[in-house]
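What follows is a single structure, written as structure tokens, with notes after it.
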Amino acid sequence: IIRDGEFKCGGSLLDNTWILTAGHCFHMLEKSHFEIQLGMLRRSSISPLEQTRAVLSVYVHPKYNPLTLENDITLLRVQEPFQLNQWTAPACLPSLGYYPRNDTLCTVVGWGNVQENGPESDSLREVAIPITPCKSDLQVDPKKVLCAGFPEGKKDSCQGDSGGPLVCPDPSTNGRWLLAGIVSFGLGCARPEELGAYTNVAYYTSWINGILDGKSDQPMRTPKQKCKGMICQRGTGVCLSPDFICDGIVDCLNAEDEVNCGSATTDQFTCSKVFQCVPISDKCDQIGDCKDGTDESSCSCADVLRSTGSSQLICDDHIDCSDYSDEAGCRNCSAGEYYSFISSKCMPYKEMCDEHLQSESRMGKLKREQSGIVAVNKLGHWQPSCVKNWTSSVSNDICSYFGYGPGLSYTFIPGMESAPIKNLEPQQGFLWKTSKGFNSQLVLPKSDAKIVDETSISSALHSIVKRQSTTTNDCKLVNVTCANQLC
């Protein structure tokens with residue numbers, strides 16, 4: 001059993017879908033990704049005979065006690081059935097009431113430590129140990145637990161063998177072995193006078209069959225279905241722990257776990273969450289080139305403009321980005337000054353929001369309208385925008401962009417063909433577009449928007465802007481009112 005790409009426990013195959021193992025192997029199981037590997041004797045080997053499946057659901061015994069390890073038994077169901085063959089075959093369950101006699105020589109198998117506090121075994125190992133009465137100091141229910149081992153110690157299961165099988169010969173059939181126990185716990189490994197404790201499978205056959213037959217009402221628990229490291233693309237598709245990636249040892253059949261492991265050069269970007277490098281020109285181009293998408297994270301709007309061939313919009317005294325990043329740091333004003341994009345010069349901070357207009361535009365004193373129809377510049381011509389739907393959040397975005405507080409209200413206005421409205425200079429360009437998966441907002445070039453004052457229409461003094469026709473009632477003009485200007 002593999003947990004987050006690393007060996008965790010052993011288990012026993014019951015059929016092509018179900019695995020029987022120990023309950024203590026699945027502590028906080030919802031936070032981890034589990035896989036089952038079958039068909040290999042050596043953990044580090046790669047072979048076409050090996051099969052790997054992700055665990056879909058887990059059924060820990062409802063009365064499992066993690067403190068005493070009572071009822072230490074769990075059933076697992078995999079996403080896809082295994083192909084049964086001579087290397088992948090199910091174990092034989094005992095019947096209810098089966099209990100191996102004392103001194104019956106049984107066999108325990110696993111990849112656990114070769115000795116107490118020793119290294120794990122790369123190859124599957126087995127050891128024959130006799131069934132022995134459990135000692136009273138273990139404080140176990142003898143109906144639920146089998147004990148096995150020699151009085152002198154020397155042979156035992158150990159850490160890493162948990163969940164694996166203890167098989168005993170079937171007394172009624174020559175050459176047949178039964179899944180009698182599940183490796184559960186013990187004091188140390190192979191110590192004199194210390195026996196290993198094994199969950200008695202026969203005691204739980206009714207619970208097991210109820211789950212397998214779908215007759216149990218016990219709810220399943222679901223582990224994470226996504227690998228935390230990387231999945232080998234060829235071979236068994238095993239999930240690798242991040243510790244095994246770029247460690248100098250090939251674990252995947254196609255060696256992709258050791259590819260792109262070097263540091264990125266100056267013309268490359270290193271992806272943050274996967275071991276991958278991409279050309280620096282691919283960063284912030286609104287196309288995810290890293291498998292984890294980090295080449296498009298933490299991108300400002302200015303970064304996007306640079307990578308998409310719109311660098312001319314940066315530092316052009318015109319705000320094209322909703323985060324103002326295209327004009328940030330472009331003008332070096334003295335201490336106590338700010339750069340005014342309206343007057344195109346540095347202005348004292350003390351004159352900001354002092355209720356005295358210091359900036360002048362081509363039209364004389366600048367008048368900031370807090371209410372008006374939203375208009376869009378199309379190919380140099382201003383036209384009120386005809387919309388089918390509108391939300392308060394859009395009003396808030398527009399008001400915030402112009403330096404006002406949130407939108408107070410918006411109203412729909414029936415469209416009128418060829419009606420004149422005042423052609424004011426835009427306060428700032430604005431056209432918003434949010435891209436899913438990216439944290440920046442991109443303002444499309446060559447297109448601006450403004451709030452137009454419909455209350456002071458003068459066709460004699462100002463050019464005419466044609467309103468969009470809404471004779472079909474498909475869309476309407478929208479008038480937005482903003483809160484007071486923010487300073």
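Glycine too: its Cβ is placed from the backbone N, Cα and C atoms.
Remember, it's a predicted structure, so these values are computed and weren't measured experimentally.
For C246, the cysteine that TrEMBL lists as its disulphide partner among C227, C261, C271 is C261. Note: TrEMBL links C227 through a disulfide bond to C239 (candidates: C232, C239). Between C299 and the candidates C277, C284, C315, TrEMBL records the disulphide bond with C284. DSSP assigns C239 (disulfide bond) to a strand. Cα of C246 (disulfide bond) to Cα of C284 (disulfide bond): a span of 26 Å.
In the three-state DSSP scheme, C261 (disulfide bond) is classed as coil. The disulfide-bonded residues recorded for this entry are C227, C239, C261, and the Cα of C261 lies nearest to that of C284 (disulfide bond).
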